[in-house]
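First comes the structure, then the notes that go with it.
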Amino acid sequence: LKDQFDNLDKHTQWGIDFLEKYAKFVKERIEIEQNYAKQLRNLVKKYCPKRSPKEEEPRFTSCIAFFNILNELNDYAGQREVVAEEMGHRVYGELMRYSHDLKTERKMHLQEGRKAQQYLDMCWKQMDNSKKKFERECREAEKAQQSYERLDNDTNATKADVEKAKQQLNLRTHMADENKNEYAAQLQNFNGEQHKHYYIVIPQIYKQLQEMDERRTIKLSECYKGFADSERKVIPIISKCLEGMILAAKSVDEHRDSQLVIDCFKSGFEPPGDFPFEDYSQNIYRTISDGTISTPKQEGMRIDSKTTVGKAKGKLWLFGKKPKGPALEDFSHLPPEQRRKKLQQRIDELNRELQKETDQKDALIKMKDVYEKNPQMGDPGSLQPKLTETMSNMDRLRMEIHKNEAWLSEVEGKVAARSDRRHSSDINHLVTQGRESPEGSYTDDANQEVRGPPQQHAHPNEFDDEFDDDDPLPAIGHCKAIYPFDGHNEGTLAMKEGEILYVIEEDKGDGWTRARRHNGEEGYVPTSYIDVTLEKNSKGA
């Protein structure tokens, strides 16, 4: 390939072009991966639920499984982004850097080859010039010799002309000898340079070009492998994402979803009772025998069918469309079962908030102790406002918990009473079936049905019901109010700062202590607002 410099020039240029072509292919593949990941994330964002209150969070296993699948798909999109990033850093970026270095190295080698060729051409021109000069001097010497011989043989020529011709011959002969020596030297030099060019310089340049081209091929091979490795690295994580989708699909439980529907719409109300028999034949048959169905009713006891049906319809909303009303704080607008659930959820949330405030108070107390022991770390007084605010929040939360627990007890009491009434109503229904005429009718209360005389049921819906004991509790100690307390809520006891009270029931962990004044007034006060002293033998009630 000593004479194929131009072809090698074209081949190396083709190699670089091919390298850049593959780099362009990788770039387009990266763009595809990025767009695919972006579209997947947009799809997940489109179908993911927006942040909603806890009561609106999905509870059905099919919904939870779908949202888990969306999360796994989001992770899968992240892995596509990892593939694009790995390809961009390991393949595309490396190819672009190597292409730049390859162009620089190729340019340097080609310049060396051209310089070597130019130097050889220059040596050939010098040799050729010396050759032509030697040839010209030889012709001039031959002409001088012919002129000398002609004058020497001419008898008419003078001696001076012959001598002059002889000197001219000697001069030309001498110049021809010098040009001959110069030509021989230039020829020898050119032959040496030509041998060096074709056997040393050019092979070395070609070898460098060959090594460069082989490195380019190796680099392409490494990039091919890196291209595949970028995809293979994320296959385990992608497999986990797919396994997560399969597990989400297996987690769907149709029985649990059905039970959730039942729990969600369970109202706790009783079904409507049986419609009473209305005898319209009493005006026709005045004479009543022993086999009649029922006895005629008094005018006051006559049932208006329109009124009865209207009342029945008013009660049927429990199983149809529920009338809408404003949401109340105690959830009294909800059916008993749903109200109990809502109250229980609120109590749990308040307990969690109370626990957070308690942890914050403990942390502030510890920090205050550290500041008192090491004043250089901070001012203990700066923590007092935050500590007071935290204690106030704790008292507020405890009052809220106490209030909601009272409402919950009221609901549970109503549910238990309703269950007892249902059992009693079933028994009464069985007993009265053999009588002359049914006495049952709907009452104005849509939540209950009374057969016979209505019975009064007590509902424990006030804090004062807890203090209706026959004998007052004895005092087990006394306490002193550290802070004033208003006691606006039911069941609480207002107190002034410095007031002395009897303690009749210790704090059971809810942050409230039951106390009594000297005049016999009782109620709950915040434990953090008083200084309690328990006594074994204290003054009685």
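Any Cβ shown, glycine's included, is placed from N, Cα and C.
Since the structure is predicted, the reported quantities are computational estimates derived from the model, not experimental observations.
Annotation comment: TrEMBL describes 124-168, 340-374 as coiled coil. As annotated by TrEMBL, compositional bias 'Basic and acidic residues' applies to 416-426. Under the heading compositional bias 'Acidic residues', TrEMBL lists 463-472. For 1-257, the entry in TrEMBL reads domain 'F-BAR'. What TrEMBL records for 333-410 is domain 'REM-1'. What TrEMBL records for 474-535 is domain 'SH3'. The region 'Disordered' annotation in TrEMBL covers 416-475.
If one looks beyond the coiled coil (340-374) by at least 6 residues along the same chain, the residues whose Cβ comes under 8 Å of a Cβ in the stretch are 54-55, 263, 268, 330-331, 334, 380, 383-384, 386-387, 390-391, 393-394, 397-398, 400-401, 404-405, 407-408, 411-412, 415, 511. Long-range contacts of the coiled coil (124-168) within the same chain, counting only residues at least 6 positions beyond its ends with a Cβ under 8 Å from a Cβ of the stretch, are 175-176, 178-180, 182-183, 185-187, 189-190, 194. Sorting the domain 'SH3' (474-535) by DSSP state (H, G, I as helix; E, B as strand; all else coil) yields 3 helix, 29 strand, 30 coil. Mapped onto DSSP helix, strand and coil, the domain 'REM-1' (333-410) counts 72 helix, 0 strand, 6 coil. If you take every residue in the domain 'SH3' (474-535) and average the pLDDT, you get 88.
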